[in-house]
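Pulled from TrEMBL:
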BINDING   Lys5, Phe6, Gly7, Gly8, Arg234  ATP binding site
BINDING   Thr43, Glu121  substrate binding site
DOMAIN    3-280  domain 'Aspartate/glutamate/uridylate kinase'
Amino acid sequence: MPVFKFGGASIKDVPAIKNVVQILRQYQQENLLVVVSASGKTTNALEKVVLAYVQQTGQAEVLLQAVRQQHLELLQGLFNNPQHPIYDEVNDLFVDVEWILEEEPQDGYDYLYDQIVSLGELLSTSILAAYLNEEGLKTHWLDVRDCILTDNNYRDAQVDWSETQNRIQKIVPPLLQNQLVLTQGFLGSSSENFTTTLGREGSDYTAAIFASCLNSQELTIWKDVPGLLNADPRIFNNTIQLDNISYAEAIEMTYYGAQVIHPKTLRPLQNKNIPLWVKSFVQPQERGSLVSAEEVEQYPPIFVVKKNQALLKIKAKDFHFVDEARFSALFASFAKHRIKVNMTQNTALAFSVCINYEPQKLGGLLEELAQAYMTELRSDLQLISLRHQTDEALNMLRENKEILLEEHIGCTSQLLIAAETNWS
């Protein structure tokens, strides 16, 4: 049985949802499980709700109402009957979040994030399942939280693979008889039955979990690009489609920040040799890109741009060397505050590190470091990783750029630069 995953762009509005229905109609004879993200920019909008709620700005309810209006417009565009049961289902989902907002925040940010932001996937899948059934494609809506068990590391929950596999293998196969099964990406549930999330853009990972546990013949991720490209077409001109790519190369790309596939997606597929297709929902008839165990002899230069980066320079107040013991303590601090380190460089007296710029996490880290170190932080940076570099590609990246850090390892070069918008 195949597994499909559709991202937010594929269901962002009424025409997009109808397009997904036409794609699924072609596969209605197969035992198909479909994983779906939140619609459009809903996750971003709900993140603003969380922040407003935690900061008690008084705007959380207003921001949530805007999300409600967006989804009401989807309902009105899809269902002619204003008394359709989906209206009550959607209202109930919003009421659950409104109850949270009525109380002053008592729990931590990450916990509240998962309870509120998860609304997006619950809304999108409820609406799509109802519309598929309305269009004659028999569909079962599955709550993914009944299947994927995680720890309580909110916003980046770790999957309990053994229990998750037991649940999926017990629950899903009986549901696949003569109907589609539609479920949410990104979400899981702790042993205390609280909603958890698997990390930003984690719906790909959800699809890979199902594909692995069900021993699927393949996983297809439907995107707004024709397949895997050697660079982001929104940033670089003259991009090249990668028709075939090995698991190892795809893992390297995601490690350095390529966003077409979630970093955790590939390992469970590789372990069971499950092919991954990346195809366009705009041109579903096109072949797309295939990620598999087959090695590829030669790749073009591959560019990965990681935005929203910061450079943190650290110097010991006592001017002692930055030795192994200090390195160990520094990395323990990064791990404690859950700050992702993307690149490092050190001298005898200083340590420079490129990190994801997440102000809500950095405050605690900087306060801790201030006890023994002087720190300097610069944000609004980009980290460019170049795989299979050529002199021409590397010179293009360097041209007229302020380079703050640069590193070359094997066939990969990395440059930390001041933010740019376009590349030639």
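Cβ atoms here come from the backbone N, Cα and C positions, even for glycine.
In this structure the alpha carbons, written CA, of Arg234 (ATP binding site) and Thr43 (substrate binding site) are 21 Å apart.
A straight line from the CA of Thr43 (substrate binding site) to the CA of Gly8 (ATP binding site) spans 9 Å.
Note on the domain 'Aspartate/glutamate/uridylate kinase' (3-280): mean pLDDT across this stretch is 96.
The DSSP secondary structure for Arg234 (ATP binding site) is coil. A straight line from the CA of Lys5 (ATP binding site) to the CA of Glu121 (substrate binding site) spans 13 Å. Its Cβ placed at the centre, Glu121 (substrate binding site) has 27 other Cβ atoms within 10 Å. Reported as a whole number, the C-alpha separation between Gly8 (ATP binding site) and Glu121 (substrate binding site) equals 9 Å.
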